[in-house]
């Protein structure tokens, strides 16, 4: 059974998110591999090693794949292959895709997740997880042709496109644009200090202090993207937006949302 | 076994390409569904109906899905579901992705191809076939950050990114850019009046009067995309370029090219 996929919107402060990830990875038996490749700060790996070690996992080790040739390191690949959980730090998602893409590391991450290992990523690490990755884009809530730049991501799921720092950086427009180009995927806009825990059954549940905005193009009747000029607003009819916070759930297949208050009733 | 995937680079003149596609679709028993959605010319469907009918297929019928609601037409879906070959015309690939994306038509096309039905597409139809689609971009052979706009395509394969009118519109730079973002896929740059016949075993053979440029990032050692500023050239070390013309073959898994002259020996 596929492992959990856990995009986190950046600025992770809530200990409960880390604790839940560790529990899914085996609790005190967890072996957490940290990949700080996205970051340009040299102590990012050590920072997360300490965070996980403080929680009493069996092992937590950072592997800073800085060059594509690092991705052939057999000792690192062996440790990674035995990991029971993987954590991708923030930074630049294009560092992740351009350094890990097409290497044994990216292949191993897909295999691990396909075999049940949970993979969490914050900020750039969250953006990188899906098949279609938002590389960069403009701010603002109105979709406009060309405001989002996309490329191939890690490919844990081709059902979702993840965006992060969502409310804080005003990113609704670029996510709407990505979905207007092809109303196939679901958009997940994850706020800071917030996580979307996507279970093996593709039910998402939400933790943290912010919200997750789910953009569902299933019932889009019309969009003008093929006729609009770059920079112009895109007309879209029928995009469905759902905003959920901690304790709420959403199923990516049935599109059924269960708000937290309804869960509690 | 998966069906053939046949991107054609536009300006299709060689009858041999159409004849080969028809042979793969069942010859005189072929039922060819034509999808002229990419085009804005109202008689594009009828034009291709005549071309296929003249070759003596059993049936050739155009389905112009112009609105997303057309993609729920049960009569059209039934005919499409019984097709033994599908042909996507040229026009705008964003019309294909934004009108068919996430609808029963896109799902059915993936199912047909997964079950052995060949799907050919010319120009925009070729660009749309892969999981990662080039929506538009700039001309020129030097890769530059931001010169290519990508989005989700039909998804018949996530191993390739197809570009078309390749030599005629000077598109090497934008294909290099797409692969520099994530050196995972292989790039196939297909010239006009040229087809890449991608077999069920992922061996590509080439027909027509132009060439297919295969851009293989497997051994890329370095690319600067995460550090460069939009508009700046991207540094790439170790991209492998192979140019093949009619009669030559290339395997997408082994990366082995067999030039036509070598085949003939």
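Here the Cβ of each residue, glycine as well, is placed from N, Cα and C on the backbone.
Listed in TrEMBL:
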type	residues	note
ACT_SITE	B:123	active site, charge relay system
ACT_SITE	B:165	active site, charge relay system
ACT_SITE	B:192	active site, charge relay system
Including all protein chains displayed, how many Cβ atoms other than that of residue B:123 (active site, charge relay system) lie within 10 Å of its Cβ? 25
Taking the Cα atoms as reference points, how far is residue B:192 (active site, charge relay system) from residue B:123 (active site, charge relay system) in Å? 8
Between the Cα atoms of residue B:165 (active site, charge relay system) and residue B:123 (active site, charge relay system), what distance do you get, rounded to the nearest Å? 7
Neighbouring CB atoms within 10 angstroms of the CB of residue B:192 (active site, charge relay system), all protein chains considered, total 21
Cβ atoms other than its own within 10 Å of the Cβ of residue B:165 (active site, charge relay system), all chains, total 20
